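Record features (TrEMBL):
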type	residues	note
DOMAIN	25-120	domain 'Ig-like'
DOMAIN	124-215	domain 'Ig-like'
DOMAIN	230-318	domain 'Ig-like'
DOMAIN	323-411	domain 'Ig-like'
DOMAIN	417-504	domain 'Ig-like'
DOMAIN	506-597	domain 'Ig-like'
DOMAIN	604-699	domain 'Fibronectin type-III'
REGION	686-714	region 'Disordered'
DOMAIN	704-798	domain 'Fibronectin type-III'
DOMAIN	803-903	domain 'Fibronectin type-III'
DOMAIN	907-1001	domain 'Fibronectin type-III'
DOMAIN	1003-1096	domain 'Fibronectin type-III'
TRANSMEM	1102-1123	transmembrane segment
REGION	1131-1178	region 'Disordered'
COMPBIAS	1132-1152	compositional bias 'Basic and acidic residues'
REGION	1200-1243	region 'Disordered'
COMPBIAS	1221-1243	compositional bias 'Polar residues'
Amino acid sequence: MHACSVTVVMISLTLFLAVAVKRPPMIITQPESVTVFSVEDLVMSCEATGNPQPIFRWTKDGEEFDPGSDPELKVSERSGSFAFYTLSNTMDSLKQYQAKYICYASNVLGTAVSNEARLNTDVPPTQQKEKKVHVKSEEGNSIVLKCNPPQSSMEPIIHWMDWRLHHIQLSERVVVGKDGNLYFAHLTTEDSRNDYTCNVQYLATRTILAKEPITLTVNPSNSLLQNRRPHMLRPTGSHSTYHSLRGQTVELECIVQGLPTPKVSWLRRDAEMSESRIIKDMFNRRLRFNNISESDAGEYQCMAENSQGKATHTYTVTVEAAPHWIKEPPSQLYAPGETVKLHCQADGIPTPTISWTINGIALSETDKDTRRSLTTGGFLILKDVNLGDTAVYQCQASNKHGTILTNTNVYVIELPPQILTEDGMTYTFTEGQKALLECVTFGSPKPEVTWESGSASSLLEDPRVKPFTNGVLEISNVTHDDEGFYTCSVQNTNLSVNAELEVLNRTVILSPPQALKVQRGNTTIFTCLSLVDPKLGSPLIQWRKNNQKISESHTDGKYTIDGPDLKITNVEADDEGVYTCQVITKHDMAEASGTLTLWDRPDPPVLLQITDPKHRAVTLSWTPGDDHNSAVLEFVVEFEDQGLKERGWEELKRVTGNKQRASLPLWPYMSYRFRVIAINYVGKSGPSKPSEIHNTPAEAPDNNPEDVRSESKDPETLFIRWEEMDKRNFNGPDFKYRVLWRRVVGSGPSWHTNYTTTQPFTVNDSGNFSAFEIKVQAVNEKGEGPEPDPVIGYSGEDVPLEAPMNVGVVLMNSTTIKVNWAAVNKETVRGNLLGYKVLLLYLICRRSREPENTLVVATVANEEEKVISDLRPYSHYALVVTVFNSKGEGPPSETLSFKTHEGVPGPPMSMMLDSPSETEMTLHWTPPAQPNGVLIGYLLQYQQSDDDSPMQVQTIEDPIATHLTLRALDPHSQYRFFLRGRTTAGDGELIMREGATTLDGAPPAKFNFTVGENSVNLSWVAKKRHRNVSFQIYYLNTNGINKWKKKEVNSSQSFYQLQGLTPRSHYRLRFTYSNSTLFEENIETLGTGVTEVQPSFATQGWFIGVVSAIVLLLLILLILCFIKRSKGGKYSVKDKEEGPMDSEARPMKDETFGEYSDLEEKRTASQPSLGEESKLCSEDNLDFNGSSAITTELNMDESLVSQFSRPSEGPEALHGLPDNSPLNPTAVSPATNGMPNSVTILD
């Protein structure tokens, strides 16, 4: 209801203002200045509003002009508008109307005056008849092809094209001038063509005139083209002046000739040139100012430059301005008695003059009124106005560039006050904005309003709050504290309206676009993350490049906008610029900008120059190439040795990117070429062009070869080596090495000298392991290198002459010994003593299956005893000791044999469990593979698997026992059994097995039947740990007169298939155990029934019995042959030696222990006992005089040597023995044929 009443009031007030209130005239469409090219173009119109409707009149060049009374003109007069146009058919008749026109619109409240409109006439440009032009010139010259467009008041647009209407390719070398001519900085033969056509376009008349084609012939130059310095073609001279008006477009032009094509640059001489104010066009040949202003006035310079020089031209730009308003007086209602101040202020160059008129009549021509006054500042003051002062006042500003005029209505009237603004309006702003709360009033005199807020403090106390006379309340930089209700009241009345101010969070850009540097062709992404008040809704994100809107590219995919991201693909030079992200909401906007710069690897440096040659140094300078927007970090100087080109280019020096020269260290006697590489953040440039060749003179060597040493290997030979010097250190021609040597002792101070060009150098007859002083000096044609320092070297070594003496063995325990000996005389070593070697041989019986083991232990030079561990207990060993140097080993010492102490045995090789009954367990085992002594019995421990049960112990005194039966065991428990062998040294390692006794068996209690055509499948669940029993299945075909048939089945099978049944038949099954029937079952087989066939002789009982007897006889014969073969036949030694199978490899049935067989027991019992084998290998049976089983064919030393000559398998053994080892049969000395007379064994 409230909204409807407000609407009714607003409509009523509008009608009242439109109908009841008179309004002064106001011109709403000004007559425009126009140039007429045809009779249809002459139209001059003027529109105005007012109440009552205004009446129009015109002046022409200041004189009253009535278009309606002119027979050549037709008038169109409608409500609020007036226009006239010509009826003439010729342009000549229009010339009389060239003039300045002013429109006047009048009603009872005054007269409004229009701006001055100028009407000009002109003839449309036409095609001129021209002669064909043929221009000839020589390659390299500069030339201008003239266009000569027709004279016209219109500015032409020039297009140079060929006969196909394709534009002529423009470039820095070929440009179009503002005069329309085509300028060539220099000609090439490709410029020759016969269709250079200048097309002149006039937009106002929509005309294009094609000039006569010009033929240009460029003759090739017969001589080498001469480069020319730049020269100005347009404008000519060194200085020119441009006068312009504010707001116009001004272009400075700089067209030059020269070879090569000059580069043009612009600068402002009197101040810094603002890039945002200018546009460079036509390949930098034009500098354009769009909307030029006074700040652009100044002095500019164009500079054209090439390799031959430069040319400059200076431009003085002056900017003046036609009058333009700074402040216009507003139209207002006034009450009688008020004072009216009309403030009119304009600016221009030169400064405009201000004049006033009333209803189009100058103040000087009106009646003088003391209430009117005009100030020097342009104020018109009207005091104590009355109803008769209602009029339209004109303020006019003029200078030499033009005149502007503004109409101001002064309406003196009495009206009651009204508030036009709707009550209860809500104004929404964001933080920081300037809030404007409206309270529009109407009345005369003008109502005065006041504003109040809900807060206790006065609004006027806040400096941010500013009330205006038009009723608007302004609050700058609003915050959330400003939210609330505000009341606008008209003074001296009860009129008021309320307004609500809502303040939202300002839109903030959290992550603005960054400054990006991208390589050409790559893809980059600008990101713009913002925070927007939820009440503002979803914002619009608008991207701009250089203030121009960016839209997504659907054709080439250049720009893709995805949420806050702007993706730019295939970045090129045109993509550089400032990219702005605008986050736009319905109440505010936030924006942030980032730059996109194209960067790349730098261009190679150019113009390399070698200067300032010094001793072993030279200065190299260069000019950097374009860095492509990434500053050069460093320059790398490389060189190429012309004498060693196969080495390629090598780095010589690096300097920082701000340097353009480097002092380079050089080697003597070298031929150099240099090049430079620039490096920036993107990468390396290509190499520059190489410099000229620079040669350095020869000098004597600076240094001598390093790492001089002796690597003598052969006796009586001194073998001298050194590191070859780099050829760059030769420093001159005829380079060689001077080798000097002398003995350290014995031959005096004289040096032996020889020369060579390469290493090594050999000196013969130098003795064995003799010390020498050695020097090697570098020499060339210019002299010798510095005096070298001598080093000590030795001649070649020979094998030692003597064997170690007084070799002894101390038995520390069953597996460890300590061997000691007396040191040899160092002179007999004939080389550098590296140490001693202890060589042990494990003596193995021929009955043993183990391989022979050899152990070699080396010591350091001064060591005279060695502890050796991990030997076999209760074993026979023999050892010798040798001395060795880098050449080899000396003769062995006398052979020493010993026997290690007895140790504890290893674990039994296997152990199996067998359960004869529910309370008994029989253990079967095989003796230890390594008894390590004389076996005296076994120790058996066992306990129930429960950890809390006590451990039972039983000692077995018989060393040859291989089985034992335990009784009175718990049939419901699992047991763990631990078995160890025993020697006098103690109990050995154990073997452990776990198991339980086997329970008495029983037949299955329940069967599952699956019936087929010819069979029936029987399945049952076998009981774990139960002994296997046999039960019987009887089956009878009840369809015939057949007899019962029987099948024997084991309970452990869990499955049995009864086959050979007749399809589609009834059978009766009977299950029996121990002659007792368990149960019976009737079944019917599947399939189609068949007729019983009469039995043949193959199914007769007598035939089956005969065949069965024959098969049984053959089986008996096979068994007898096998028994005979196993007793007296040949057998494989390998099978014999492999012995019994390990217990863990034996098959287990029903997850219980495998059954023990008599055959296995006999095989185990037939093996020789440890005591027997010990006797075969006992010390009593070892005959070191050649009669034992070990030394039957060789004496002890030869046997030892032959044993050591076999490959060793021990982890500590060496990979091989040298040929001259004393343990090699070919190296045994004849002096060691017999056994030593006495052997010392320390225990």
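A Cβ is built for glycine as well, from the same backbone N, Cα and C atoms used for every other residue.
In this chain, the domain 'Ig-like' (323-411) lies apart from the domain 'Fibronectin type-III' (604-699): fewer than three C-beta pairs between them fall below 8 angstroms, excluding pairs fewer than 6 positions apart.
With helix defined as DSSP H, G or I and strand as E or B, the domain 'Fibronectin type-III' (1003-1096) counts 3 helix, 44 strand, 47 coil.
Over the domain 'Ig-like' (25-120) the predicted model carries a mean pLDDT of 88. The helix, strand and coil residue counts that DSSP assigns across the domain 'Ig-like' (417-504) are 6 helix, 43 strand, 39 coil. When the domain 'Ig-like' (25-120) is classified with DSSP, helix, strand and coil residues number 12 helix, 55 strand, 29 coil.
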